[in-house]
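Everything on this sheet refers to the single structure shown next.
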Amino acid sequence: MWNMLIVAMCLALLGCLQAQELQGHVSIILLGATGDLAKKYLWQGLFQLYLDEAGRGHSFSFHGAALTAPKQGQELMAKALESLSCPKDMAPSHCAEHKDQFLQLSQYRQLKTAEDYQALNKDIEAQLQHAGLREAGRIFYFSVPPFAYEDIARNINSSCRPGPGAWLRVVLEKPFGHDHFSAQQLATELGTFFQEEEMYRVDHYLGKQAVAQILPFRDQNRKALDGLWNRHHVERVEIIMKETVDAEGRTSFYEEYGVIRDVLQNHLTEVLTLVAMELPHNVSSAEAVLRHKLQVFQALRGLQRGSAVVGQYQSYSEQVRRELQKPDSFHSLTPTFAAVLVHIDNLRWEGVPFILMSGKALDERVGYARILFKNQACCVQSEKHWAAAQSQCLPRQLVFHIGHGDLGSPAVLVSRNLFRPSLPSSWKEMEGPPGLRLFGSPLSDYYAYSPVRERDAHSVLLSHIFHGRKNFFITTENLLASWNFWTPLLESLAHKAPRLYPGGAENGRLLDFEFSSGRLFFSQQQPEQLVPGPGPAPMPSDFQVLRAKYRESPLVSAWSEELISKLANDIEATAVRAVRRFGQFHLALSGGSSPVALFQQLATAHYGFPWAHTHLWLVDERCVPLSDPESNFQGLQAHLLQHVRIPYYNIHPMPVHLQQRLCAEEDQGAQIYAREISALVANSSFDLVLLGMGADGHTASLFPQSPTGLDGEQLVVLTTSPSQPHRRMSLSLPLINRAKKVAVLVMGRMKREITTLVSRVGHEPKKWPISGVLPHSGQLVWYMDYDAFLG
């Protein structure tokens, strides 16, 4: 086999010399050469690379590697190579000749131990010496699970690096971690063996021809798009990948990752950055593209649990039980469908909804990025007189059609009433079947273009790897920015039960969703059960708002949405009474995730709220800059303040950032806030204070055994949290208890245990700070959803 490879390399060298000056030899090592990805895409991609490059000055050798013993591995690899095919326009005789050459240049070898890698390196060097070839570089393609990366990387680094003057390129396939922490860990491990410029992380969506065309299209059509590509003209952006197949046969992978990690965090996020980034002057510059992508990540508004809806096809749990030998009682919470609402808080995109959606067992297989423009025209003539190329009353949209669907191919679609686009010569105008409608319009209403020659994504990316084009791959910085954005949402959804759907056409309208004020929700209500059991599930309306007592104070309990609505109504009623009586309303609000839905409800459904006469105060604040995503004020700004007309001088953030320092005792930030309260709030008695309750019984930022804030004369104190950021500023318990009304909002199954515990304890604020909340002359009301109250 070794002698045959030498002969084949010499023949290839002769062909290169006849073609043009020899540029060196490239060894390509495919790890996982007998796996599914290699069989379906990678060997064909390598063959296409050979067809494209063999006559242009380089010689090649291909090493298929796996853990399998040599004889069996060679048989498996030979079987995978049987399906290689040539482009349709290549003559059969030429195809057979090139295929034969490729097979001769390809050999299998077992790579299992450090000695195996050392032997590979010696063989490559010996082959180069015998053939008299100069080494240009080596490509190691990791088509293996991530847990194998570290050992392989160590062996390559220690014994398989090419000599001086030759390059090394290491290709990595997703998944690149499970969350931000694991991605950081994996990146650190790989960084000990390889330089950043040596690593090529593959997201095969970046090899899709329609996706790869987004930046060039924007660049070629700058003049037409400059005035349109912004919040004033774009109504929304949809980035979609739908599949008809389910996860059968892949549930071990899917149980660990789910649809958000599998598709949204990588493929759809990459498309989002290409659509939303500021256009670099040079769209071919990897450094410029990365810099502009990172600017998008920095502007992304943080995701909350309400930013997403999730579903799961009905047979998924049964498939998991069967394939992973789970007990009959096992029910998976892994989503197979997800839609997420993303907002970008910058001048170009502020207020424009970006919808990312993907799912399995849906009604069609299709992928696209659709930019829908606002229709701001009013046409006088009747609809029958509207012309597609002229009427501004017809839909105006730009679609990067990634593939499949009714169109069946990659395409770029531009509404004729938008502009006539410019595309490179590698794209041609296309004609679809008569009567075909796409996105609400007949195909004839679009300028439609498709690639002159369709290419598989992996073939495209292998060519980019060979030529060292880094702008088509995921850098470490890009990867970690993406995980930093998605990890909080994944954590918030970890215990959320997905909506079940039958799959395919039977889904009907079950997965249809709507969005409003930063929240996404299903259009149709689904029955929920208070306690799982046989028989029909009761509807939320079957359970009225429950009124009872909790710790001798009034309790309001309901399903979460109804509870939030009730609390918002109560706050508005309290505000109206206070303004009518005193001319103003002083409201102190807590941060965290629980009040987000309340803020959104107040911002979108309470048009009679007396915001002009309302003063907003903070119950507590983390010692971070107010612009920090961890800041309670930043959450209040994102979900409430920017949506209501409240005078800026009525907004009172806590002064945690003074003298360019955070919560320094000598800056007296707590005393400053206390004096402000005393000056503006009569008797330092807030009209309403909204609190939450932590799993440890803390409230505000008053934690168990806190040395300050639980008693004494101080109105505002600095405290220390057991979780980061540790330093906090908080209203004290004595100040809270001066309020006319205190509302405690408790939501979620995670609070069930502490809710039960606190119901049984007495007045023990040192141990359970929440137990010390009891207004001296005001009212305390508990608001608990059924998950927290009943479990």
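Yeah, the Cβs are placed from backbone N, Cα and C, and that goes for glycine too.
Swiss-Prot lists HIS267 with the feature active site, proton acceptor, giving similarity to another entry as the kind of evidence. Sequence-distant contacts (6 or more apart, same chain, Cβ under 8 Å) of HIS267 (active site, proton acceptor) comprise ASP203, HIS204, TYR205, MET241, SER358. Under the DSSP three-state reduction, HIS267 (active site, proton acceptor) is assigned to helix.
Among the features that Swiss-Prot reports, NADP(+) 1 binding site is placed at GLY32, ALA33, THR34, GLY35, ASP36, LEU37, ALA38, LYS39, TYR149, LYS174. Annotation for THR34 (NADP(+) 1 binding site): same-chain Cβ neighbours under 8 Å, separated by at least 6 residues, are GLY64, ALA66, THR68, GLY73, LEU76, MET77, ALA80.
Following the DSSP three-state reduction, the secondary structure of TRP617 (NADP(+) 2 binding site) is strand. Long-range Cβ contacts of TRP617 (NADP(+) 2 binding site) within its own chain (separation 6+, distance under 8 Å): HIS586, LEU587, ALA588, LEU589, HIS652, ILE677, VAL681, PHE686. Per Swiss-Prot, the feature NADP(+) 2 binding site maps to ARG370, TRP617; the stated evidence is similarity to another entry.
Among the features that Swiss-Prot reports, N-linked glycosylation site is placed at ASN157 (among others). Counting every protein chain shown, the number of other Cβ atoms lying within 10 Å of the Cβ of ASN157 (N-linked glycosylation site) is 17.
For ASN282 (among others), the entry in Swiss-Prot reads N-linked glycosylation site, with the evidence type experimental evidence. Its Cβ placed at the centre, ASN282 (N-linked glycosylation site) has 12 other Cβ atoms within 10 Å.
Under the heading N-linked glycosylation site, Swiss-Prot lists ASN683 (among others), citing sequence analysis as support. The local packing around ASN683 (N-linked glycosylation site), expressed as other Cβ atoms within 10 Å of its Cβ over all shown chains, amounts to 8. When secondary structure is read from DSSP and collapsed to three states, ASN683 (N-linked glycosylation site) falls in the helix class.
The feature N6-succinyllysine is assigned by Swiss-Prot to LYS208, with similarity to another entry given as support. Same-chain residues at least 6 positions away in sequence with a Cβ under 8 Å from that of LYS208 (N6-succinyllysine) are, in sequence order, GLY367, ILE402, GLY403, PRO410, ALA457, VAL460.
This prediction places the mean pLDDT of the region 'Hexose-6-phosphate dehydrogenase' (20-526) at 93. Taken from Swiss-Prot, the feature region 'Hexose-6-phosphate dehydrogenase' covers 20-526, and the record attributes it to a curator's inference.
Annotation comment: Swiss-Prot describes 527-540 as region 'Linker', evidence class a curator's inference.
Sequence annotations record features per position, and here Swiss-Prot assigns region '6-phosphogluconolactonase' to 541-791 based on a curator's inference.
Taken from Swiss-Prot, the feature signal peptide covers 1-19, and the record attributes it to similarity to another entry.
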*How big is the gap, in Å, between the Cα of ASN157 (N-linked glycosylation site) and that of TYR149 (NADP(+) 1 binding site), rounded to a whole number?*
12
*Max Cα distance spanning GLY32, ALA33, THR34, GLY35, ASP36, LEU37, ALA38, LYS39, TYR149, LYS174 (NADP(+) 1 binders), Å?*
20
*Residue with minimal Cβ packing [other Cβ atoms within 10 Å] among the binding-site residues GLY32, ASP36, ALA38, TYR149, ARG370*: ASP36
_Alpha-carbon distance [ASN282 (N-linked glycosylation site); ARG370 (NADP(+) 2 binding site)] in Å_ = 24
